[in-house]
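Trainee: Pasting the feature list from Swiss-Prot:
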BINDING   Gly90, Gly92, Arg93, Lys113, Asp125, Gly126, Arg176, Arg183, Asp262  ATP binding site
ACT_SITE  Asp252  active site, proton acceptor
BINDING   Asn253, Asp262  Mg(2+) binding site
Amino acid sequence: MKSLDQLVFDNRFARLGDAFSTQVLPDPIADPRLVVASEAAMALLDLDPAQADLPVFAELFSGHKLWEEADPRAMVYSGHQFGSYNPRLGDGRGLLLGEVVNDAGEHWDLHLKGAGQTPYSRMGDGRAVLRSSIREFLASEALHALGIPSSRALCVIGSSATVWRETRETAAMLLRLAHSHVRFGHFEYFYYTQQPEQQRLLIDHVLEQHYPECREAEQPYLAMFRTIVERNAELIARWQAYGFCHGVMNTDNMSILGITFDFGPYAFLDDFDANFICNHSDDRGRYSYANQVPIAHWNLSALAQALTTVIEVEPLKEALGLFLPLYQAHYLDLMRRRLGLTTAEDDDMALVERLLQRMQSGGVDYTLFFRKLGERPVAEALKVVRDDFVDLAGFDAWGVEYLARCEREPGNAEGRRERMQAVNPLYVLRNYLAQKAIEAAEAGDYSEVRRLHQVLSRPFEEQPGMQAYAERPPEWGKHLEISCSS
């Protein structure tokens, strides 16, 4: 394992030039202190976990110190926000410090969020707050543990400094890891500013560094776009299957890698509600849970438009047409597994839809339903979960269908239980749990953030003494709508 001074940098994006980013030095925050660190994320850089205990760790990830090989950059991009095009966005408070190469040859971006003002800050102060930094840290690592592709979070660094949002809050910094921070909005920026040379440079960079398998295709750019469509179809299927609501699916928040990116007012479903809106600024429900599938397709079409400088329109349309069937296939596969089904039957999607309809009308906890359904033999489990439903006759009718479907499955009850517990989490990042951890951290107690992170790192395993993290939320904690402010 390595120490911090042994990290190897290879800053490929910075070498694209000043048309793509602006060099900016981090602006340190006062009295930096470690709030929480992820050993799993540190391992991606081959970092010794003990490095997090050293003063230099907080100093490097709070802007007080910088590696000689680092080349901190604020990236420029644009994007569609709530459907309207914003021509110039960019990193308003984050800096790409550089790209670290681990022993396996993988490149990882080190992106410091809350690093101060940049040319793209607009009227902002360039800072992040402890609340939003903790939320992103917890979500990044929790989604990864669930098997949902996501950027990663190395650490959160707190401070004694305060900044003004709706109220005065503690300033903090988050160190985010990803193989790339290129967004759909990067391509939109060069397309709408009519910079075809830079657009092609960026496309070639992404193709070479992140989609090398597409280089040998007859049409490499088209093959890359098709793969981006495929990755996003699988990503959104995983969101929907596990009840994750992103909240701000603007094109500048969409990663070119097909990973969950830029966490803001996200939420996991508590009681199942297909129309759930987690962002209190989204008064029309554009980014509701139910709309995430069509919005992802819309965002991909915005990316396709930006790629018309190098790909013909008709092939782009054909590639876009792959999204919905690919999404449906991935989603149904995941839901079959969540229901303990190992074979495929034509009516399986209808079985899933009828279950969700019963949940919608009954205020059923989405996560705990599937967990309880897999803890006992089918007939017994149906009796247990039945108590959660309002429409008992409707649920009983579904239960008869499901029992008959399970009887056509091979294998025994114990095998079914093991399969279902491996895909149905006991612990998810409910907003009220995050809020309790944030309130403790704002009072100077980081133990709850660290405990919650540890619990969520093993979501499928029952952990002794952690039952409180696996319960239905109190009434005040249900359907919390979160602000975009960060």
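Glycine is no exception: its Cβ is also placed from the backbone N, Cα and C atoms.
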Trainee: Out of Arg93, Arg176, which of the binding-site residues has the smallest number of neighbouring Cβ atoms within 10 Å?
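Mentor: Looking at the binding-site residues Arg93, Arg176, the Cβ with the fewest others within 10 Å is that of Arg93.
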Trainee: List, in sequence order, those binding-site residues among Arg93, Asp125, Asp262 whose Cα sits within 10 Å of the Cα of Asp252 (active site, proton acceptor).
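Mentor: The binding-site residues close to Asp252 (active site, proton acceptor) (Cα within 10 Å), listed in sequence order, are Asp262.
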Trainee: Using C-alpha atoms only, work out the spacing between Arg93 (ATP binding site) and Asn253 (Mg(2+) binding site) and round it to an integer in Å.
Mentor: 14
Trainee: Where does Gly90 (ATP binding site) sit in DSSP terms: helix, strand, or coil?
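Mentor: Once the DSSP labels are grouped into three classes, Gly90 (ATP binding site) ends up as coil.
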Trainee: Relative to the Cβ of Asn253 (Mg(2+) binding site), which residues of the same chain, six or more apart in sequence, are found under 8 Å away?
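Mentor: Those within reach of Asn253 (Mg(2+) binding site), by Cβ under 8 Å and sequence separation of 6 or more, are Gly79, Arg183, His246, Phe261, Asp262, Gly264.
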Trainee: Among the recorded positions Asp125, Asp252, Asp262, which residue has its Cβ surrounded by the fewest other Cβ atoms within 10 Å?
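Mentor: Checked Asp125, Asp252, Asp262; of these recorded positions, fewest Cβ neighbours within 10 Å: Asp125.
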Trainee: Between any two of Gly90, Gly92, Arg93, Lys113, Asp125, Gly126, Arg176, Arg183, Asp262, the residues recorded as binding ATP, what is the biggest Cα to Cα distance in Å?
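Mentor: Among the residues the record ties to ATP, max Cα distance equals 23 Å.
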